[in-house]
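Feature annotation from TrEMBL assigns compositional bias 'Acidic residues' to 42-52. The compositional bias 'Basic and acidic residues' feature in TrEMBL is assigned to 80-122, 137-177. Look at TrEMBL and you will find 1-42 tagged as domain 'UBA'. Residues or ranges marked as domain 'UBX' by TrEMBL: 209-291. The region 'Disordered' feature in TrEMBL is assigned to 41-214.
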């Protein structure tokens, strides 16, 4: 059974003549399958229907032969002489085979595109997972840096508080040492002989009550107050030290020295008064003191 030429077969399958000739020329006349593959791959190209400007010989990498340079009339007559005449049944059979081949090529193309689409989807999901993992790692790094920063700030704050406490303890120890030595060096007043005591109970003067403790209320400059009980024989310096330790200033701030005042009668206690007992200063059994910032001399 005679066979159709590749060009006629492509035209029988519905491809335009110009597109079929271009496909055969660009595939080097390697057969109908190669031409069909080219047509299916380039059917969406905008220039697929543009005619070739270069002769076929140049496209195939060789100079055109004398037979290829023959005009349309000569080539047509030669083709008509050599081309066998096909019956209608043979033409239908060959067209059927070509259509089956086209359908097969179409299925193969669809399967290839489906595989490529599936691979692209896998690639997209893989990139999405990598991006999500990178974003999560970045968030974890930021949280870890924030936690380390909080720990560092807390450690610095604790260290600052510890330094303040140590300074207060040193000042307290130095003042206690200073005031203790001052009290020890002071001489006790000479004992006086009591005078004759009347024998009559009715003539005996009332006995003055002795207090062992003293309740001191201290009013701070911000309006708050501190209340503490001291021994009656403690020095006024103990009250000042208590105020300096509990007046509520932020750790790390410079603490200004304070001065103690009595409300009634109005009196400002001096440094010499700091070494005197509360009982001697008339602050027993209770008293109200006012805190004022001491002006630097």
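Glycine residues also receive a Cβ, built from the backbone N, Cα and C atoms like all the rest.
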Inset, instruction - Take the domain 'UBX' (209-291) and average the pLDDT across it for me. - result: 85
Legend entry - Summary of DSSP states over the compositional bias 'Acidic residues' (42-52), given as helix, strand and coil counts: 0 helix, 0 strand, 11 coil
